[in-house]
Structures are given as C-alpha cells and as structure tokens.
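Copied from Swiss-Prot, the annotated features are:
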type	residues	note
BINDING	Gly34, Gly35, Asn36, Gly37, Ala38, Gly39, Lys40, Ser41	ATP binding site
COILED	337-480	coiled coil
COILED	509-605	coiled coil
COILED	835-915	coiled coil
COILED	977-1116	coiled coil
REGION	666-783	region 'Flexible hinge'
Amino acid sequence: MIERGKFRSLTLVNWNGFFARTFDLDELVTTLSGGNGAGKSTTMAAFVTALIPDLTLLHFRNTTEAGATSGSRDKGLHGKLRAGVCYSTLDVVNSRHQRVVVGVRLQQVAGRDRKVDIKPFTIQGLPTAIQPTEILTELVAERQARVLSLPELKERVEAMEGVQFKQFNSITDYHSLMFDLGVIPKRLRSSADRSKFYRLIEASLYGGISSAITRSLRDYLLPENSGVRKAFQDMEAALRENRMTLEAIRVTQSDRDLFKHLISEATSYVAADYMRHANERRIHLDSALVLRRDLFSSRKQLVTEQYRHVEMSRELAEQSGAESDLETDYQAASDHLNLVQTAMRQQEKIERYQSDLEELTYRLEEQSEVVSEASEQQADNEARAEAAELEVDELKSQLADYQQALDVQQTRAIQYQQALQALERARALCQLPELTADNAEEWLETFHAKEQEATESLLQLEQKLSVADAAHSQFEQAYQLVVNIAGEVSRSEAWQTARELLRDWPSQQHLAERVQPLRMRLSELEQRLRAQQDAERLLQEFCKRQGNAYQPEELEALQRELESQVEELSLSVSDAGERRMAMRQELEQLKLKIQELTARAPVWLAAQDALSQLSEQSGEALEDSRQVTEYMQQLLERERETTVERDEIAASKRAIEAQIERLSQPSGAEDARLIALAERFGGVLLSEIYDDVTIDDAPYFSALYGPSRHGIVVPDLSLVREHLQGLDDCPEDLYLIEGDPQSFDDSVFAVEEHEKAVVVKIADRQWRYSRYPEVPLFGRAARENRLETLYQERDRLAERYATLSFDVQKTQRTHQAFSRFIGSHLAVAFDADPEAEIRLLNTRRGEIERALNAHEDQNQQQRQQFDQAKEGISALNRLIPLVSLLLDETLADRVEEITEELAEAQEAARYIQQHGVSLTKLEPLLSVLQSDPQQHEQLQESYVLAQNSQRLAKQQAFALTEVVQRRAHFSYTDSAGMLTENSDLNDKLRQRLEQAEAERTRAREQLRQYQSQFTQYSQVLASLKSSYDAKRDMLKELSQELVDIGVPADANAEARARARRDELHAALSTNRSRRNQLEKQLTFCEAEMDSLQKKLRKLERDYHQIREQVVNAKAGWCAVMRMVKDNGVERRLHRRELAYMDGDELRSMSDKALGALRLAVADNEHLRDVLRLSEDPKRPERKIQFYIAVYQHLRERIRQDIIRTDDPVEAIEQMEIELGRLTEELTAREQKLAISSKSVSNIIRKTIHREQNRIRMLNQGLQAVSFGQVKSVRLNVNVREAHATLLDVLSEQQEQHQDLFNSNRLTFSEALAKLYQRLNPQMDMGQRLPQTIGEELLDYRNYLELEVEVYRGADGWLRAESGALSTGEAIGTGMSILVMVVQSWEEESRRLRGKDISPCRLLFLDEAARLDAKSIATLFELCERLEMQLIIAAPENISPEKGTTYKLVRKVFQNHEHVHVVGLRGFANEMPSLPPIAAELQQGG
C-alpha cells in the first residue's frame, strides 16, 4: 500500500517573536497551546503563507473579524514580520520518501502601504540530517545568527551536492511542482483554483460551516467531466472544422470569384487602355488632318480680321474727334442752360424783392409817423410823471417833517426851516434873488404865464415839424429812386437826371418788346444751322463708308442703284438659305443614322463575340438562328444522359461507403448494437476474440463460424437468460456462445475441412456446409484488406463521379450560354454589319460637310455685301430729305445778324426789367425834386429847445407853488396857535399828499403804457428799417449778379437753351453709341485677332505635337501589336465594342478596373509590382505585360491533376465543379459527425448517476462522525427540475425541436441553450451568449444541487446551517465537509499525478477550545482513520495524551520580544511520550 505524504516540520525565520523556530509536526494532530498573543495564529499564518503565497488571497484576521470583507491594511501579514529578510518553510516527505522543502522569502516593503514582497522557492534532495534553520541562517557568534538573503541561500544550497534550489516567478509553477510532488491535493492551474484552496484552508482555520464552500459545493466536490466535455468539444471542434472547411471552400469559391474578377478586371483594365490607344491613334490621325485644315482657315481669317481692325480703328479715331467736339459743345450748351436758369431765378428774386421793398417803403412811412406821435406823447407823460414824483416827494417830506415836529418841541423850527429851504430852492430854480414869502404868489402868476407860453410855442413847432417831415420824405424817396437807376447823383442834379431817364424810357420799352420774336427767329435759324452741320457730318460718314466722294445732288441716283443691289442680294441669300437648309437636313439625317448604327454596333459586336464563343464551344458553324435552337436541343439530351449515369455512379459510391462504415466499426462488429449487448451481458464479441487472425486464416474461421461469427461469448449462459426477457433492441439473429473469453478456442465445434469449404456438425442431426467466402471479413487484417479495396473502388467512383459532374455542369453551362445568347443576342446576331454602313455614311457626311463649308463662305460674303448695301440705303434715307438744307449757303450770315439784334433787345429788356418799377414810381415824384427842404434839421433843433423851455417853466412854477404853500411857516406866534395851524396844515398836507399820490399813480401808469407802446412802435420801425435795408442790399446784389450773368432772363431763352442742350446730348449719345459700338467691335476684333493668333500658335503647336505623337505612337503601337499577337491575346483585348466609347469612358473604365485590381493583387507581390509598373501612361506595352503576367499567374495556379486545360477561364469553371463536389462530401461528413440529442442526454445521465454513487460512498465515511448533538453528517445530491425536464426532452421529444439541432447556423451548444430557453421562458439569461449557456448545460455539475445535512437530536435530519448548530457542532460539521472535499479532490486528481504518489492531508483549527472532549476525540479518530494531519490552536492543551503539543509563551527580554516554546509528545498507551523539546535558539540582533 502506498504511504501518504506527511508534513514533517514548519520553520519560521525572523517572524515577530520567532527568530529561527522549527515546529516538528505530528503525523496526526499538532496542538499549539498558549495564551492570547502567544503566537499561535502567527505560526498558522506562516504555514498558510508558505502553502499559498498569493497576496491577493491572504488575509489573516482573528475570529472577531469573521465574515469581515476587510481588515487591516496589510491583510494581517506585514505586522507579523520583523524588519529584514523573513522565511516560512515546510519540510515535506512524500509517498516516494523524497524530502522537499517548500517555502517563501518575505520582506517588508518600505512605504505607507505596508506591503510585503513574497518569493516562493523549493529545495529538493536536502539531507535528512540538515535542519531548515541551518540553511536559512548563518552563525556569526556562539549565540548569534544572521538570516541569509535569497541569493545567499541559493548559493549555499547549490554548493551542496545533489541538492536542487528552484526559485519561482509564478505561483502557478510553484503549485504545479507541489502538486507533482504530492504536497497539495489538487492541481491549481488558475487563480480561481488557488482561491478555492485558500477558501478551504481559511474555512478550516477559523472553523464553522463556510458559506463560501457550501454555496459552491458543486465546484469543490464534483469533478469536472473533462472526458465528456472533451468529447463534446472534439465533436464540436470537428463540426467547426468541417464548417470552417466548408467556409474555406466558400472562401475558395470567393477566391474563384476573385480570380474571375481578376481576369475580368484585368481584361477591362488592359482592353480599355488598348482600345483607348487604338481610338486615340485613329483620333490623332483625324485630329492632325483637322488641325491642318483649321490652321489654313485660321490664317485666312486672321488676315480678314486685321483688315477690319484697321478700318474700324480709323473710324474710331474720327468718332473720337467728333465726340470731343460734341462734348465741348454739349458742355457749353449745358453751361448756357444753367446760366439761363440761374438768370431766371435771379429775375424772379429781383421782382419778388422789388415788390417787398415797395410794401416796406409804405409801411415804413406810416410807422415813422406813428413813432413820432408816440415820442411826443412819451415826452409829455415823462414831464407830468416827473412833476408828480417831485410833488409827492415834497409833500412826504413836509408831512414827515411835520410829524416829527409834532413829536418834539422843535416842530415849528423844522417847518420854518423847510419853508426857508423851499424858498431857497425856488430862488435858485427861478433865478430870483429877491424872491420872498410875501412876493412869491406874484412871481407864481408870472411863471404860470411863462409856462403857458412855452407850451403854445412847443405845439406850433411840432405842427411845423410834421409838415417838414412829409416834404422831406417825398424828396428823399424820389432822390433814392434816381440814385438806384442812374447811380450816384448830386441832390441838385437829381431833377435833370430824372427827366432824362423818363424821356429814354419809351424807346427802351419798344426794344424790350422785340426780344421774344427775335429769339424765336434765332432759334429757328440755329436749328436749321445745326441740322445743316449734322447733314454734312452724315454725308462725310456715308462717303467714308462707301469709299467715294458724293455731292448732295448725286444721292438720289445712288439710292436707286443700292436698292436694286439689295433686291438682287436678298434673292441670292434666300436661295442660299434654302440650299443650306437642305444640306443640313441631309447632314442631320446622316448623323442620326450614324448615331443609330453606332448605338447598335456594340450590341451587334457583343452578339458576334458571344456567337464566336458558342461556335468554339460547340465546334459547329452557327449561321442562323435555326441551327442555334437545334444544337440547344442536342445539349438538353446530352445533359439528361450524363445526369443518369452520374446518379448511378453516386448510388454505387454510397453503397461502398456504407460497407466502409460497417467494416470500420470497432471489434469487427457490423452492428453497433452488438457492442452494447456485449457490455450488458458481460461478454465479448467473437469477432473481437479473433480480431488478430491472419488474412490467410480469415476464410477458414469465417466459414467455420458462419452466421455465428457475429455472436457474443459469455462466461455463463444461465446468467444471460434473465436479460433476454423483453430484449427488443438487437439484431434479428443473436448468437450467444458460452465460454471463457480469455481462453476461447474453436473446440466447441466438430469440423470437417473440404477444399475451400467446411462442414460443421452443429448437432447429431444438423450439419452446416459453408464455403470459404471470396472476400473474407473475419479478423482485422481481412477487414483492412477489404477496406483498402473498397477505398480504391470508392476513389475510382469518386473520380468518375467528378468527371461526370464536370461534364454535366459543362453541358449545363453551355446550355445556359445558349439560353443567354438566345435571350440577349439572337435578335441582332444575324443582322447586317453596322460598321460597314457607318463607313459609307461617314464618307457621304464628309462630302456634305465640305460642300456646306464652301457654301457658308460664299454666303458670308454675300451677307456682308447685303448688310453694306442695306446700311447705305438707311444712311441715304436720312440724307436725301436734307439735300435742300445742304445747299443753303446764307444760313450762317442770317444767324449772325439776328444774334446781334437780339443782344440789343435783351439789353433793353434787362434795363426795363431792372428799373421799370423805379421809373414808374419816379414819374409822379419828378416835381418834388425841384426844391430841397434843407430847414428840416433847424425845425428839429427848435422843437427840442421848446421842449426844454417848457419843462423848465413847469419846474419853476412847481417850486414857486411850494413856496406859496409854505408861506405860513415863516411866522409862528405862539405854541397853541402853532398847534392849531399845524393841525390844519397837517390835514391839508395829507389831503394834498393823497391827491399828489393819485396823480403820480396815474402819471406812472400812463407813462408805462406810452413807454410800452412807444417801444413797440420803435421796434416795429427798427424791424422795418432793418428789413428794408437788407432787402435793398439784396436787391442791389441780385441786380449786379444778373448783370454779371450776362444772359437774358426770359422763358424762351430757357426753352431754346434746353432744346440746344438736348440736341447736342442726342448727338453726343449717338456719337458715343457709335464709338462704343466701334470700341466693342474693335475689342472683339482685337480679341478675335488675339484668339486667332493664340489659336494659330496653339494649332501650330498642337499640329506639330500631334504629328510627333502620331509618328512616335506608330512605333510604340507596332511593338504593342507585335506583343499582343505573339502572346495570342489579341482576341481578348481587341474588343471592337469598346471602339464606340469615348476616351473618358474608357479611362474611367480602366481606372475603375485599376482600383479593383489593386485590391485583388494586394497580397501578390509579383502582380502588384507589375501592376504598379503598368500604371505608367507613357508605356502602354506594360499593361500588355501585366495582362500576360495575370494569365501566366493563373496558369501556374491551375491544378493539372484535376483540371485539364491551360486556359484560366476554363480552369476556373472546372475549379468551380471540383469545389461543388467537395462541398457535397463535406456536407455529408457533417451529417455523420453530428451527435444526437438523445446520446447527449444518455451521457449526462450516466455521469450524474456515477457521481451520485460516488457521493454516497463519501457519505458512508461520514455516517459515524459525531459532534455534540450531531450524530451524523451526509450530503444530498438532487437533479434540478428544469435540467431534468431538459434531459427528458432531449431523450424522448427531440423530434419536436429538430429545427434547433439540424440548423447549420447553430452549434450543438447553442442549440442546447436555445432549447433550454424555450423550455424555461421565465428564466432571465442576462447578457450571456448562447454558446456560454450551452457549454454550461453540457457540464453535468450544473444539473445537480448539493446540500449538507446533519442528524441532530430529536430534530432528525436538517440542513446544516450555522444558526441551527452550536459553535462546536458547526466546527465539527464544517471540518467533516472539508475532509469530504479533500477526499474528492484527491480522487479527482489521482489520474493527473503519478500512481505512486498519495498527497499530504492537512487541515487547521484555530481556537479549538470551543470543542468538547468528545468532539476532540472524534477529530483525533477522524484524522487517524483518514491519515490526515491537523494543526490545532487552543489556550490549553486540549488532549495532552495524544499527538504533539507545543506550549507557546511570549516573553520580553531586554526590549526584545520572543516566544518561548516547549514541546510535548502525547503520553497515551498507544503512543509513548517524548521528552520535552526545550532546545531553542536565542534571538540575535
């Protein structure tokens, strides 16, 4: 029996508390005992790290973190290490007794992330005497050691003979070696496998029922049926390969299409260019002839245009000179019209201002009188107001003084003083020194009289002044009129000047009245003069155009001559038009006919090509449509005969294939059901027993056993009897022979041998005579010999079938070609040659075109003569009415005479217009000018003196009145009398004051009224004077401007000036129009000459170039033609229908084909290079070389073994036939490869049944497991309902869903997924692909549901869940599940590792104190029965009598922390105790 591998020890180097510690592991249970923080979990973490060094999985948490998804940042590993290099190694001895040290080098990585670097390694072949700590550390002193780095460790190990050190960069490689050496139970190929293994270790470490494992028990317990899956994958791979082959055939067919496309595009590419060059060569020849003809005609036309240019230049120079004169005249006429219009506006202004001045003069006189009267009233009112003010002031002063005197005792003195002051003031004002209070009243009367006298004198002077003002105004008005008319004149000469002006006035009026008749007469004469000048200019132009000098009297005879010439030319032009129309109609008919034939020619040529191909294919000369239809009927008959023969060959081929399939069965069974029956009966096929018989003995044994040679040899027939009941799935005759399959011989028969036959005595009364078969099939050698013959026959039939298929398809293609020809070309194929008709029509068209060109030249000359004659008649029609005007020679003198008379009349009219109103006003005032009223100023001075005298007299009278009024103040008798007098005086003063104030108020109000009125009158007067002065000045300026203008200001003058301006404008416009016309014609002529010169240069250049091209192309074309004929491709390239396409269409066709060819030859370097070279337009022969290269390339690709032609086109057709045959064969092979749904269902069911039995066997090992109230543990396996339905449908109702499994578009997996979705529409498949779902459905594990159950107390069997069990029960149940998983893994992996390897079994259990003694004993028993190692961690030694126990105590010594370890071997009877292990290494620095 193979011994199971064991873990010997665990070594920790430089871990937290362990500098270099090796734990020897017990063969069953190793217990780590110690208090909290002693290092138990660290020791287990080191073991797990060495076992699974995957940082993505490692997460060491304590039990308080159970179920947590995250712990400390370093996942619990960084904090368990010391700074520097750390190691964790496992010393293992496997089933082969090979010692292997596996472990990891760990090192903290500096940084905030608290990362740890891990490097796995293995050491093989290490001697048993050497401990792991000895090679991992180096002694530097008696009690000090140093940890070696990984390179140093490698050097030390490699220095040992026979020891191998291996470092791993991949965890997968590390685990692969561990699996091969039996360290781990399962091959961990991927991270998912490592995750499963880690979850199992983690579940055992922390105890309990792991949900991560129970949820995915199928993945842990059920092995992957790789054989079945591989069978399915191989089957699908074969189908996929078959379909890929079919797809490759389709690709090959597309390549065939590509080759056809290559030939077609190459033909289009080269033929289009070939025909384009042929067309261009013909076109270049025609173009050279056309260019030469155009060159001669252009030279002739250039000479004509040059002559026209000279003539038009001369005429343009004359028109330009005339235009300059007309522009000058027109500008003068426009200026004259502007002056006349300006003068008319000035005259209107003068008349308007004169009327305004007359009105202003009248208003000014009236306003002057009003202002004078207002001035006098103003002076009177001012005097009265001033006197009233003085009187009021005096009375107020007196009253104030009086009031003051009443208030004080000096009132009298004040009044007396005031009286004296009034007296003094009166004396001074009146100049009377002798004035006293007594004679004041007398003097008052005297001065009242003076005042009255001064007032009367003032009134007299005022009346005289008004009369003088009137006389003075009339004289000034008359004098001003004389000055306005005659200029500055002395006042004494004014009357004489005015009388002379009035005497000349009637003569001036008479001259002014003659202005209008003279203007009309002058306008008429000027118009005739201008008409005469225009007629002379027209006559000069006419003579220049006619080239002769004509007199006016000769014009009528010339007109008759030109009219007769026009009539003749008109008839000639009309006849020429009809003839030209007839030739053009004939030419159009020829062009239409040529176009029709040109459109028909490609169709006819294509029909001829198709007819030629049909003639070549059929070998018959097809001369009419009847022969075509007859040969088509012959093709149909030939096709029918060949098809019948091909079908017979196909039937024979299928029969041979059926024989081959039957003979190819394993064990020589002709019926596959015999193999199943042999397995069912526990027997062996007789053919399998004699499978090694030689080919020489095969006939004998075949005859010996006869029909029973397909029987089954069974050990005991009696055991088979019960299986025969109800047996229906078997052959009609089933032979069962009793015997030992291991030592079977033919002694059971009594045999007599004859020549080529045997007689077999079956029973006493029954014999069987059997001849040797001509083709023996008994034994593998005979079958192989027969199969070889059948293979040869099948190949021969296949070749014959292929030949017949080719003939059928060739006949069908020929028939299709005839059908296409009849449908497309039969209607035109036997018509007359359109190209011959086109050549005849082109000859006739050339003749007509030449005649038409000659006719056009002659017609052009006649039309020019006709146009010149019509133009001459038109000019004569304008000149003949002007002949009399041309003969009038006195017209200019009459115009000059009338012009002088009109100037005098206009001068008189201007004088009357300017001074007529003034003379009219002056005539009644002529007598006033005889006397000058110069005394007017003296009267004004006397009037001012009289006003002053009157004002002084009033003031003197007022002063005397005040003295008289104060006369009582001069004497006061006593105070009482003074008071009485003062009282009276007060009343009087107050009364007078009231009267004086009222008088003053009235005077002020009246003064204000008169002042306002006077101001208004003065303002009006000033405004009138200002307006009068302004208008008078403006009138003078306007009159002066009118004189400066110097043109008459009347309506007729404006009309004449406008008419003159319009006539000149019309003449100028006509001249400009003619000049512009000449300039345009000259520009057109110059442009035509330039274009003709450019055309001549271009024609000469093009002619020389095209001639050179024709010469050069001839040599190149000869080389191309020689190359085409030498290689026999002229028939394919010279496609006459392309001759009817223009160069752009052919170039476009060639370019399109070039683009397609670039894609087609992209993967062929040779053709790509040749194609690139052929793109040179200057080397057309390279395109021929490319076409030849394409044909050569396709010829080289022809398989001469299956294709019997050198023509690539025919080879492509034969290739298509061969591809069709391969497609049929592969389609048949795909049908054979397809697996039935029922077979799939049976395979999956068998696998499920096998795994259910295996789970039952695993359950038997767990029935005796007991933890607390849990008496037993088992695993239930059930088939899911939906998947069971799927299996039933696959096995019994597969016919209903053949649309899925017979689809060529779906693989079997996809069809299975579609069926599952069809049976379970309520399920959501998510975003998964049908292929993925189908692959899952091919995995039997997805059909099963696994569930762990426990038998617990009175509850019976219930589902194992942590919530329903105690902690110890859950730990024990979980451990049982893990043991079952490990066993399952070992069984699953048994075939993957060596047969002499039994892997190590080890699990963990942290915090085992939660289990009672009975549960611990159960664990020990389980480990012993299963040969499993277990590492337990507990605060105390839970079972000191069994296994090995380590007591761990963490101590601190000199600021250094280390773990003190004491080992104890169990002391039970069956296992003697070992002395304590106290040796340990002291930690070094």
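Any Cβ shown, glycine's included, is placed from N, Cα and C.
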Taking DSSP as the reference, which of helix, strand or coil describes Gly34 (ATP binding site)?
strand
What other residues of this chain sit with their CB within 8 A of the center of the CB atoms of Gly34, Gly35, Asn36, Gly37, Ala38, Gly39, Lys40, Ser41, the recorded ATP site?
Thr42, Ala1433, Leu1448, Arg1450
As a test of reading the model: what is the averaged pLDDT for the coiled coil (977-1116)?
79
Same-chain residues six or more away whose CB lies under 8 A from the CB of Gly39 (ATP binding site)?
Asn16, Gly17, Phe18, Leu1448, Arg1450, Val1459
I'd like the number of other C-beta atoms within 10 A of the C-beta of Ser41 (ATP binding site), please.
21
Helix, strand or coil: which one is Ser41 (ATP binding site) in, per DSSP?
helix
Please list the DSSP helix, strand and coil residue counts for the region 'Flexible hinge' (666-783).
44 helix, 26 strand, 48 coil
Is it possible to get the count of other C-beta atoms within 10 angstroms of the C-beta of Gly37 (ATP binding site)?
12
Proximal but sequence-remote residues of the same chain as Asn36 (ATP binding site) (Cβ under 8 Å, at least 6 apart):
Pro1435
Can you count the other CB atoms that lie within 10 A of the CB of Gly35 (ATP binding site)?
12
